[in-house]
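K.L.:
Below you'll find the structure I mean.
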Amino acid sequence: MKISLKTDIGQKRSNNQDFINKFDNKKGITLVILADGMGGHRAGNIASEMTVTDLGREWVKTDFTELSQIRDWLFETIQSENQRIYDLGQSEDFKGMGTTVEAVALVESSAIYAHIGDSRIGLVHDGHYTLLTSDHSLVNELVKAGQITEEEAASHPQRNIITQSIGQASPVEPDLGVRVLEPGDYLVINSDGLTNMISNDEIVTILGSKVSLDEKNQEMIDLANLRGGLDNITIALVHNESEDVE
C-alpha cells in the first residue's frame, strides 16, 4: 500500500482548520486520520489537531491486527475523544469547537474505517468512484428524505450544517465499515474542501494519470484551488498497487 497525505489552506481562508497524519501501531498497522475542524478563533485548528494527535497517540500503543479489535477500538476511542473535545469546548476560548473525523486502518488488503461529519472516504475501482461514507449533514438528511435533490444540496444555504461532530454534547455514533482493496484500487479520504470544488469523475481522471501518488494528490489540490479554493483542502490517497508494479 502506498499512501500520500497533503493539506492546503486554499484561497479564501486565513488559517487551516484541517489536520491529517498517519500512525503505525506495534504490529505495523497504519491508521490514517483526517479531521476538519470548526469553531471561531483558533478553536477549529485545535479541535482537528487534537483529535488526530490523541487518536494517533493511543493507536501507537496497540498491537491489534484483527478487524474486530480495530473496529471496537475505533468506536470506543472516538467516543472518548468526543467527550474530551466537548469538555474543552465549554471554556470561553474554545466555545463551539468541533471537528469531523475519518480514521482508516489498513490491514493487509483491507481498510476498516470510522466516519463522523461531512469529510468523505471514497473508493476508486476500475475507473469508477464509489462513496463509502454518508455525510452527517443537514442537506444529506433532506436528500435522503426526498425533500431536495443532490444538485440542490450542492448550493443549499445550509449545506455547511453538520449533524454529527467530535465535540458534541451527546455521544457520537460513528459509521463503521470495512472494504477490501483489490490490486489497482484507490482510497480517497478528504475534507469537503475537495469535493465541493471538483467532481468524482475528475478525481477518477486524475488518479488514472501516469504520475506519482504525491503528484496525483497535488493535482487534485491545484484543481480545487483553480476553481476558487473556498475552503481548506486535505487529502489522503491510498493505493493498493497492482501485483506487477515493482
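Yeah, the Cβs are placed from backbone N, Cα and C, and that goes for glycine too.
In case it's useful when we look at the structure, here is the feature table from Swiss-Prot:
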- D36, G37: Mn(2+) 1 binding site (BINDING)
- D36, D192, D231: Mn(2+) 2 binding site (BINDING)
- 2-240: domain 'PPM-type phosphatase' (DOMAIN)
K.L.:
Would you mind pulling the DSSP three-state label for D36 (Mn(2+) 1 binding site)?
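P.N.:
It is in a strand.
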K.L.:
State the three-class DSSP label for D231 (Mn(2+) 2 binding site), counting H, G and I as helix, E and B as strand, and everything else as coil.
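P.N.:
It is coil.
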K.L.:
To the nearest Å, how far is the Cα of D192 (Mn(2+) 2 binding site) from the Cα of D36 (Mn(2+) 1 binding site)?
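P.N.:
About 8 Å separate the Cα atoms of these two residues.
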K.L.:
Take the C-alpha atoms of D36 (Mn(2+) 1 binding site) and D231 (Mn(2+) 2 binding site) and report the distance between them in angstrom, rounded.
P.N.:
10
K.L.:
Taking each of the binding-site residues D36, D192 in turn and counting other Cβ atoms within 10 Å of its Cβ, which one has the fewest?
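P.N.:
With the binding-site residues D36, D192, fewest surrounding Cβ atoms within 10 Å: D192.
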K.L.:
Measuring Cα to Cα, how many Å separate D231 (Mn(2+) 2 binding site) from G37 (Mn(2+) 1 binding site)?
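P.N.:
Rounded to the nearest whole number, the Cα-Cα distance is 11 Å.
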K.L.:
When you average the Cβ positions of D36, D192, D231 for the Mn(2+) 2 site, which other residues in that chain have a Cβ within 8 Å of that mean position?
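P.N.:
Neighbours found: D18, T100, D118, S119, S191, G193, L194, N196, N232, I233, T234.
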K.L.:
Mean pLDDT across the domain 'PPM-type phosphatase' (2-240), rounded to an integer, is what?
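P.N.:
Average per-residue pLDDT within the domain 'PPM-type phosphatase' (2-240): 93.
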K.L.:
Is it possible to get the count of other C-beta atoms within 10 angstroms of the C-beta of G37 (Mn(2+) 1 binding site)?
P.N.:
31
K.L.:
What three-state class does DSSP give D192 (Mn(2+) 2 binding site)?
P.N.:
helix
